[in-house]
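**Student:** Pasting a structure below so you can have a look.
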Amino acid sequence: MADHYEVLGVSKDASAEEIKRAYRKKARTLHPDVNPSPDAAEEFKQVTAAYEVLSDETKRRNYDMTGNANGTGATGGFGGGFGGFSDIFDTFFGGGGGARSGPASRTRRGQDALINVKIELEDAVFGVEKTIDLQTAVRCSVCDGSCAEPGTGTQTCETCHGQGQIRRPVQSILGTVMTAETCPSCRGFGDTIPNPCHECGGQGRVRERVSLTIKIPSGVDTGTRIQLAGRGEAGPAGGPQGDLYVEIKVGDHPVFSRDGADLTATMTLPMTAAALGTELTLDTFDGEQTIRVKPGTQSGSVETLKGLGVGLLRGNGRGDLKVTLKVETPTKLDDKQRELLEALATARSEHIVHGQTESKGLFSRRKKKNRDRD
Ligand SMILES: [Zn+2]
Ligand SMILES: [Zn+2]
């Protein structure tokens, strides 16, 4: 007896799909209906016998180990081990291993839902509870998801006798094969609902506006998605709820910005205050805070208020509040002010040229360098 793999022209490690494809290809040219020669008939038997073994996981394993399909005797002839016509049908018309047997269930899990929720920056700092309204599918309270009017039930489908499928013979190039179709009377469920629930129209769920209270933890940021398991849409026919995803958008704040777990702010102070030192008051999410500005503070320096930032999304603690100090140089000076500043410049030995002060620092050194080069 020829090797089954050789007969089908596939390798020893061919996948189930490859084996099926190889058989399909050969059977199309060898089947008695399309090829009446005796040689073809004989080859068709061999090809079919090979497919019968290699398409069955157990038989294939036995064949690989012992050289025959059942591990003891010889392999069965054509048709011996085939599981009825539907197997052939599935092989040729793509039903394959996914072909469903038996009726389908009406009950399915509900869909996941996504809603957008906008919160304020302060809510992201401390966390917040939000009550939101949303349109969703909920289990029908009249039939409790059974789909049938209370007091009534389902009835076994008379068309398919509860199978959910109808099998009937059709002619093909391979002769008569059986087709399996979803039963049109029960749509594959195997039973019918003679008296559908009046509330949900036999769906077992209705669309409703519901109010949900969501706990939003501190530390969320724009784009953060919170998953609420089992808070999505109710499934058909009493199916469980899907999940609800809440996508956060954090609104802008006029004073504070977000930098990860830190908050940032900018405060402006006059040049004289920066030079002399002062105290600034900042109204934060934790109340008024005093910022001590040391004498000689430079523009752009940052004061850090520890632990006044955003609460961490995971774990305890909070980020910091970082206040950038911006020193403002006066743009308009009256005569008195200019005199005072000029007196200050003189006292500091700052040489003024054409209304511009030339410090004894970097700038003058650079000028000297240029002269040296000339
Ligand atoms: Zn109902
Ligand atoms: Zn039916």
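Glycine is no exception: its Cβ is also placed from the backbone N, Cα and C atoms.
Pasting the feature list from TrEMBL:
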type	residues	note
DOMAIN	3-67	domain 'J'
DOMAIN	127-209	domain 'CR-type'
ZN_FING	127-209	zinc finger
BINDING	CYS140, CYS143, CYS197, CYS200	Zn(2+) 1 binding site
BINDING	CYS157, CYS160, CYS183, CYS186	Zn(2+) 2 binding site
REGION	351-374	region 'Disordered'
COMPBIAS	363-374	compositional bias 'Basic residues'
**Student:** Fill in the CA-CA distance, CYS186 (Zn(2+) 2 binding site) to CYS197 (Zn(2+) 1 binding site), as an integer in Å.
**Tutor:** 16
**Student:** Ligand 2: which of the binding-site residues CYS140, CYS160, CYS186, CYS200 have a Cβ closer than 6 angstroms to it?
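**Tutor:** Correct list: CYS160, CYS186.
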**Student:** Given a separation of at least six residues and a C-beta threshold under 8 Å, show me what packs close to CYS160 (Zn(2+) 2 binding site) in the same chain.
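**Tutor:** In sequence order, the residues whose Cβ lies under 8 Å from that of CYS160 (Zn(2+) 2 binding site) (at least 6 apart) are PRO103, ILE166, CYS183, SER185, CYS186, GLY190.
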**Student:** Cα of CYS140 (Zn(2+) 1 binding site) to Cα of CYS157 (Zn(2+) 2 binding site): how many Å, rounded?
**Tutor:** 24
**Student:** Near CYS157 (Zn(2+) 2 binding site), which residues of its own chain have a C-beta under 8 A away, given they sit six or more steps off in sequence?
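**Tutor:** Correct list: GLY164, CYS183, SER185, CYS186, PHE189, GLY190, ASP191, THR192.
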**Student:** Using DSSP, what is the helix/strand/coil residue split across the domain 'J' (3-67)?
**Tutor:** 47 helix, 0 strand, 18 coil
**Student:** Out of CYS143, CYS157, CYS183, CYS197, CYS200, which binding-site residues lie by ligand 1, with a C-beta less than 6 Å from some atom of it?
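**Tutor:** Result: CYS143, CYS197, CYS200.
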**Student:** Residues other than CYS157, CYS160, CYS183, CYS186 within 8 Å, Cβ to Cβ centroid, of the Zn(2+) 2 site?
**Tutor:** PRO103, GLU158, THR159, HIS161, GLY162, GLN163, GLY164, GLN165, ILE166, PRO184, SER185, ARG187, GLY188, PHE189, GLY190, ASP191, THR192
**Student:** In the zinc finger (127-209), how many residues does DSSP call helix, how many strand, and how many coil?
**Tutor:** 0 helix, 39 strand, 44 coil
**Student:** Around the Zn(2+) 1 site formed by CYS140, CYS143, CYS197, CYS200, list the extra residues of the same chain whose Cβ is within 8 Å of the site's Cβ centroid.
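**Tutor:** Surrounding the site, in chain order, are SER141, VAL142, ASP144, GLY145, SER146, CYS147, ALA148, PRO196, HIS198, GLU199, GLY201, GLY202, GLN203, GLY204, ARG205, VAL206.
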**Student:** Inside 10 Å of the Cβ of CYS183 (Zn(2+) 2 binding site), count up the other Cβ atoms and send me the figure.
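**Tutor:** Within a 10 Å radius of the Cβ of CYS183 (Zn(2+) 2 binding site) lie 23 other Cβ atoms.
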**Student:** Just how many other Cβ atoms lie inside 10 Å of the Cβ on CYS200 (Zn(2+) 1 binding site)?
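**Tutor:** There are 23 such Cβ atoms around CYS200 (Zn(2+) 1 binding site).
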**Student:** What mean pLDDT does the predicted model reach across the domain 'J' (3-67)?
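**Tutor:** In the predicted model, the domain 'J' (3-67) has a mean pLDDT of 86.
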**Student:** Just to be sure I understand the packing, how many Cβ atoms besides its own are within 10 Å of the Cβ of CYS197 (Zn(2+) 1 binding site)?
**Tutor:** 22
